[in-house]
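Undergrad: Dropping the structure in here first, questions after.
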């Protein structure tokens, strides 16, 4: 399992999903779970970044190349079947990684085979409709917090973060850094990602459906399929699971259900 977080999360967004899978070692003992901080997020740095204070490029194609190189280095020539999982922005990256695995590595590198693609709470139609309001939402976010406790309170009450306190205790600190003055600020300035928003989601449905490997779409109950995905789902071109009690960060709100869905997907394919 290769897990790709959304913006501005980090690899630690998957902590409880990984822990749940690990607790089921008798059934998942042959599964490695790998999660990485994408370029510009968490503790990742790159010598060729070229944007803003974080010196990070948030181009999904660039991040997909990072992921492909990381996967190749991780397997180190061993034959592996890979299921790529992406949440939100990470889903946009995941579709591109899947294409690389099928069209490039699948031809030149028999050690890496795409076994499946899972997208979590990302749909092109609803994402594109939400773009006009995103700027105002980003501007409404505090830029600094006096303490981590203040950040937790804001995230749980007004920031749209997870209500799962254990998930928040693991994930939220990795999204922040302490300033010289003792305050806390975001590692990722979402305003710097704005030029990339449209490219993350435009054409997502076509990229998802073009993947030949088995596909799963996990959605929170408040999302809707766009027309292209609705037709494809009726034709049986991918599986879909709704988790109506979760918010956007499904993997943090309901890690057990996400782990169940991934486990069932792995068992089937």
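Placement of Cβ uses the backbone N, Cα and C atoms for every residue, glycine included.
Curation plays no part in TrEMBL annotations; they are all automatic predictions.
Taken from TrEMBL, the feature domain 'AB hydrolase-1' covers 1-261. Feature annotation from TrEMBL assigns active site to 88, 121, 248.
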Undergrad: Show which residues of the chain containing residue 248 (active site), separated from it by at least 6 in sequence, have their CB under 8 Å from its CB.
TA: 88, 121, 160, 220
Undergrad: Can you count the other CB atoms that lie within 10 A of the CB of residue 121 (active site)?
TA: 23
Undergrad: Hey, what's the Cβ neighbour count for residue 88 (active site) at 10 Å?
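TA: Neighbour count, Cβ to Cβ under the 10 Å cut-off: 23.
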